[in-house]
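Structure record follows, encoded as structure tokens.
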Amino acid sequence: MNTTPTLRIAIIGAGPGGLTCARILQRHGITTTVHDRDTGPAARDQGGTLDLHADNGQLALREAGLLDEFFRLARPEGQEMRQLDPAGTMLFHVPEPDERYKPEIDRGLLLNSLQPGTVRWGHALRAVSGPAEGHRQLHFTDGTTVEADLVIGADGAWSKVRRAVSPATPRYTGVSFLEAWFHDVETRHPGIAELVGQGGAAAADGERGLFAQRNGGDHIRVYLIQRVPADWITAGGLTADGIRALLLERYRDWSPRLRRLISDNDGAYVDRPIFALPVPHVWEHNPTVTLLGDAAHLMPPLGVGVNLAMLDASELALALAHHDTVGEAIHAYEKTMLPRSTEMARLLDGAAEGLLSTELPDFATAADH
């Protein structure tokens, strides 16, 4: 791209997609700034391990110059998968690794690869204004305003950038995750560590389910999966103890070993109802704003979220590097990204119900949620 020293590219969101885009842009000599609402990289839990597929997430890491480092740090044992029935009996076991090898790594590789000062923490976006053909203004909740020539929305399900190009809002799928954490599992929760193994374990009975995922640092993350109203916790006025009691009643016919994944967690539960954007989600070309990842194509967490976001980010950054103008680059990027995401979204439309199936779903990136 024929850049000038004053070209201002603002990426909103320091998730895997936003960071991948920034990293590849910097590798091509293009300056960018990432704005994120969190006060710092450790301000909140960033989700589970990244399970990167060879045909998208790993391709993006190659363009970012980080694939070798990824394989050096990755945990191939994270690919172990166990399918259990509600009685705790093993139904299916995929040892690590196999021909479907998709190595896992905890987040941080991308962030640490960026030039110092790339990410501006504590910048929660309120709105984007300005003409489509001119400079855009980013209005942050702290009252500050930043001007940009290109705004890249990598700000997830409830994207503020999306509003500049699309009126679409996510819809509740009817299925919800409730997240629970277990720390120092080998010492404090050895039975749970043995049950989950070195990768993940899933169980479901058609009405309710769970997925447990081994993370780095001797942690296990559990998602309890239910068909409930989106506001079931607030509408019921439930405390952590009330949630636990209700869950134990709902899972009363499950084995005591599996019920410990409900009752023995460390700390509070985290409510994560599953939303998805309408299908198809498209918008008219805009030369100053575009979207990637969940901001562009929020889908149920069935194995594609982080990988598609990183592929989007790679293709957008490369388009910006190789086209003469920003407008041409965005047009080329969206010409590929929108049909691809529409095809995938149609495949997954209504698929959140599959998370409750007694058949083994692809839980590989439940952490994408």
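Every residue number used here counts from 1 along the chain in the order it is shown.
For all residues, glycine too, the Cβ spot is worked out from N, Cα and C.
Just so you know, TrEMBL annotations never went through curation; they're auto-generated.
As given in TrEMBL:
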type    : residues        : note
BINDING : R44             : NADPH binding site
BINDING : D51, R107, D294 : FAD binding site
DOMAIN  : 8-168           : domain 'FAD-binding'
DOMAIN  : 288-344         : domain 'FAD-binding'
Candidate with the highest Cβ count within 10 Å, taken from the binding-site residues D51, D294: D294
Arithmetic mean of per-residue pLDDT over the domain 'FAD-binding' (288-344): 96
